[in-house]
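> Pulled from Swiss-Prot, these are the listed features:
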CARBOHYD  Asn207  N-linked glycosylation site
MOD_RES   Ser23  phosphoserine
MOD_RES   Ser322  phosphoserine
MOD_RES   Ser437  phosphoserine
MOD_RES   Ser439  phosphoserine
MOD_RES   Ser446  phosphoserine
REGION    1-30  region 'Disordered'
REGION    1-128  region 'Tetramerization domain'
TOPO_DOM  1-164  topological domain 'Cytoplasmic'
TOPO_DOM  187-220  topological domain 'Extracellular'
TOPO_DOM  243-253  topological domain 'Cytoplasmic'
TOPO_DOM  275-287  topological domain 'Extracellular'
TOPO_DOM  309-323  topological domain 'Cytoplasmic'
TOPO_DOM  346-359  topological domain 'Extracellular'
TOPO_DOM  380-386  topological domain 'Extracellular'
TOPO_DOM  416-495  topological domain 'Cytoplasmic'
Amino acid sequence: MTVMSGENADEASAAPGHPQDGSYPRQADHDDHECCERVVINISGLRFETQLKTLAQFPNTLLGNPKKRMRYFDPLRNEYFFDRNRPSFDAILYYYQSGGRLRRPVNVPLDMFSEEIKFYELGEEAMEKFREDEGFIKEEERPLPEKEYQRQVWLLFEYPESSGPARVIAIVSVMVILISIVIFCLETLPELKDDKDFTGTIHRIDNTTVIYTSNIFTDPFFIVETLCIIWFSFELVVRFFACPSKTDFFKNIMNFIDIVAIIPYFITLGTEIAEQEGNQKGEQATSLAILRVIRLVRVFRIFKLSRHSKGLQILGQTLKASMRELGLLIFFLFIGVILFSSAVYFAEAEEAESHFSSIPDAFWWAVVSMTTVGYGDMYPVTIGGKIVGSLCAIAGVLTIALPVPVIVSNFNYFYHRETEGEEQAQLLHVSSPNLASDSDLSRRSSSTISKSEYMEIEEDMNNSIAHYRQANIRTGNCTATDQNCVNKSKLLTDV
């Protein structure tokens, strides 16, 4: 190895074998110098050799920045030593050689290779490309409010795992949702059901009919429902004013479900008040039909649990990622229903006791047969109809089985991504900086070696520099174009 300081470069150029006539421009000398410079990298005993210009393509990385890699230099062996994973470095070095292409070796686990990417500081862009190649779905960024109190409120209501009070609020919210769903179901029991078509009781006193009309505001179910709606409204309003973006707030499907969950209550309340004030019996039947439809919307409150349930979130993400496969499944079922309903109709057309009066009437039979449900309310009686029914069931099994592996694969991906430990969580939320400041480097250096050890290494390196410079000058085996220069900001080695 030949090592020399930048301040002695002119002296070395005067030695035998170094041109002095100026026939070679300095720029050309510098280019040849850069071309011939090589560096040895030792990865746990396995030595790699490459050119410095290859590493210099990415100056913000650990190997591409001379200051960053300086603390790993071994002056006695004239190489950089890293006690890291060997198989991973093949891909790391190829990243420099290929100009930015990163491929994980098949024998290196995903989390281990991610740690190597972070150690060599390849940057967030390289990590994102790596995750994309590995099949990771890019997660949406979730910005936080800028104001401190607004951020605290947002974390309190939006992220239950952020603090203890946030968990308490999440538990209260889940309990209120469950109570609301239980009330929605219990009020339909015959023993507790209040007939909305006639909300009153008749008593006869001295040949006089007295009608006592029940008041909805005294109904226990309505009172409990009101308390639940108060909590839902409070939670929605607080999260709206604390959210970082009002536009993104309304784009979130969960917030849309929250709004839909409370609208039926206010519509029902307004309708009841209008009926009591107007007392128009002619419009009562119409309003009751509308109210029944509106009350049905309350069942969507069960989806509010997905805000606090990882399982429901995984299911939703799986369905969202599998929309193409689900669309193909529905399309195949649609084709099968048309084909087999038509076939069974014509196969049973001559049968007097046929259950299939028309092709649309046979749609139901085709659907339940292809999904292998088979209610038995409609069935073929002829031999031809039974053959069609058998083919319909077989085709249904094959049709449903085709997209299932893709959907299961998506579910496994989202499930493992949500349930794996902190190590995988760091992989999915990695944010490695592109640049490291000198203060960070000094802190990391101090944590690696002590000051006395560093001074000893520096002294040995200076002695090595002087030794190799004198040896090369005496032998005259090196020229100015293949000399290695060492100064305060740059360390170059030649092997």
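Note that Cβ sites are derived from N, Cα and C of the backbone, with glycine treated the same way.
Could you place the listed features in the three-dimensional structure?
Every protein chain considered, the tally of other Cβ atoms within 10 Å of the Cβ of Ser322 (phosphoserine) stands at 20.
When pLDDT is averaged over the region 'Tetramerization domain' (1-128), the result is 76.
With a cut-off of 8 Å between Cβ atoms, the residues of this chain six or more beyond the topological domain 'Cytoplasmic' (243-253) that come close are 143-146, 150, 154.
Remark: secondary structure over the topological domain 'Cytoplasmic' (309-323) totals 13 helix, 0 strand, 2 coil, with classes taken from DSSP.
Residues 365, 377-382, 384-385, 387-388 of the same chain, all 6+ positions outside the topological domain 'Extracellular' (346-359), place their C-beta atoms under 8 angstroms from a C-beta of that stretch.
The list of residues near the topological domain 'Extracellular' (380-386) in space but at least 6 beyond its ends in sequence, with Cβ under 8 angstroms from a Cβ of it, reads 344, 347-348, 350-351, 353-356.
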> In terms of Cβ proximity under 8 Å, which residues at least six beyond the ends of the topological domain 'Cytoplasmic' (309-323) contact it?
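Contacts with the topological domain 'Cytoplasmic' (309-323): 137, 303, 403, 406-407, 410-411, 414-415, 418-419.
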> In the topological domain 'Extracellular' (380-386), how many residues does DSSP call helix, how many strand, and how many coil?
4 helix, 0 strand, 3 coil
